[in-house]
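Noted in Swiss-Prot for the protein shown:
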DISULFID  CYS161-CYS201  disulfide bond
CARBOHYD  ASN375  N-linked glycosylation site
CARBOHYD  ASN389  N-linked glycosylation site
REGION    28-38  region 'Central sheet, part 1'
REGION    37-219  region 'N-terminal barrel'
REGION    221-285  region 'Central sheet, part 2'
REGION    286-456  region 'C-terminal barrel'
REGION    463-482  region 'Central sheet, part 3'
SIGNAL    1-27  signal peptide
Amino acid sequence: MAWGPDNVRKWSSLALLAIVGTALTAATDPGFVARISQKGLDFVCQESMVELQKELLAISIPDFSGDFKIKHLGKGTYEFYSMAVEGFHIPDPQIKLLPSDGLQLSITSASIKISGRWKYRKNILKASGNFQLSIQGVSIIADLILGNDPSGRITITCSTCDSHINSVRIKVSGSMLGWLIQLFHRKIETSLKKTIYKKICKIVRNSVSAKLQPYVKTLPVVAKVDDITSIDYSLLAPPMTTDKFLEGQLRGEFFWRGHHGPFPAVPPVMNILPNNNYMVCMGISDYFFNTAEFAYQESETLKITLRDQLLAKDARYHLNTDFLKTFLPEVAKKFPSMGLQLLISAPLFAHLNIQPSGLSLSPNLETRAFVVLPNSSLIPLFLLGMKTNASLEVNAMKNRLIGEMKLGRLLLELKQSNFGSFKVELLEDVINYLMSTMVLPKINEKLRRGFPLPLPAGIQLINSILYSSQNFLLLEADLHRT
């Protein structure tokens, strides 16, 4: 995390179907794993059916006409026109897992209702009216193949589609001669059945390419965190399906927006057990968090400048030379009642560990102290090394990962002084006070804004729960459309 000082760079705000990355190590293990269970696919299916149903209701049925011959009446002509789909009922749609192959959309026992106009002509004999067409037992089977393009973005295509119609029944009204149409209803029903049959799979294929593929493209490949860092969520390989879940293996790596440099480590293996009680689960490795620290460190923004103006008037301590009298009297005498500036930084990488007991790290910090002269120039005083232990609590909120850090007491070491040595213990209370009241709140302000998770547009997590495991966090949650 980066700390926003007053005149150092400041912090800024940080298809669904396959929710689910290029480092020096060319790591093939993911830093972030996203899985969707059958329960999650059921949610996806219901959401997808809304759009598919709209497309099916918009089926355009062309007018058709023909000749007929009836004994004793001779030849005549008929025409069916102004046809529109009034209803397309899909009672039990499913998206099934096809191990190693992808997904399968399955629709059975659907029904369609179509209305329109008809007319008949035989010499001077004319008749016309309305008709209702009932199509029962409509089934659709479509196989969906999931892949990834060179950029690591998910792709989805409809590889095969087949539809079947059990029965078609027509009912005419509006004329006493409607019985004529009923005499050759099989011909009409067969013609309409062929028309609908040809259009169903065309619509399914078009919905996948024109609706679903653009939607899954809203799954982020690169997610901006702030003006300093982004997260690489690119797919390392095509999504994998088993009989339990669909899995996307993502790079899961923070990088400095000024330079996407390599991280000198590889992600750990995450042993994630299947759990169908939630729609999705996400394995978030320690690699993910450590690349965040590395990116901010590479950008040289892990520092904060403190001056007295930033402290409250009733603060326990004030940053001026007066409080140095007890351990650096020479400084207090040479620079009476002048301001102090503290530059607190994290020059060394501190590896974050994830264990069943939680997330922890041992930061090594530094504080450089300066006297601020009336002309704003700085006189260096001393350099302190600071060691502490820290813990990190992580939660999920909506579409972000949020956190809060807790710091242990800092232990100080005098590394350098331009005005003689002194007992650093005399400074411990001051430094710990400033860390707890000025520095830590800024860190936690950033952590509360959080980091974006790899979710498609309009989808948030609900009922989320997080577990700490060895080297990774497991996030389980349900999905909600906003």
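Here the Cβ of each residue, glycine as well, is placed from N, Cα and C on the backbone.
Remember, it's a predicted structure, so these values are computed and weren't measured experimentally.
Here the features listed in Swiss-Prot are placed on the structure.
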| residue | record | contacts (Cβ under 8 Å, 6+ apart) |
| --- | --- | --- |
| CYS161 | disulfide bond | ILE140, ILE141, ALA142, ASP143, CYS201, VAL204, ARG205 |
| ASN375 | N-linked glycosylation site | none |
| ASN389 | N-linked glycosylation site | SER360, LEU361, SER362, LEU407, GLY408 |
With an 8 Å cut-off on Cβ pairs and a sequence gap of 6 or more, do the region 'Central sheet, part 1' (28-38) and the region 'C-terminal barrel' (286-456) reach 3 or more such pairs? yes
According to DSSP, CYS161 (disulfide bond) sits in strand
DSSP puts the residues of the region 'Central sheet, part 3' (463-482) at 0 helix, 16 strand, 4 coil
One finds that other Cβ atoms within 10 Å of the Cβ of CYS201 (disulfide bond) number exactly 17
What DSSP gives for CYS201 (disulfide bond), in three states, is helix
In DSSP terms, the region 'Central sheet, part 1' (28-38) comprises 1 helix, 6 strand, 4 coil
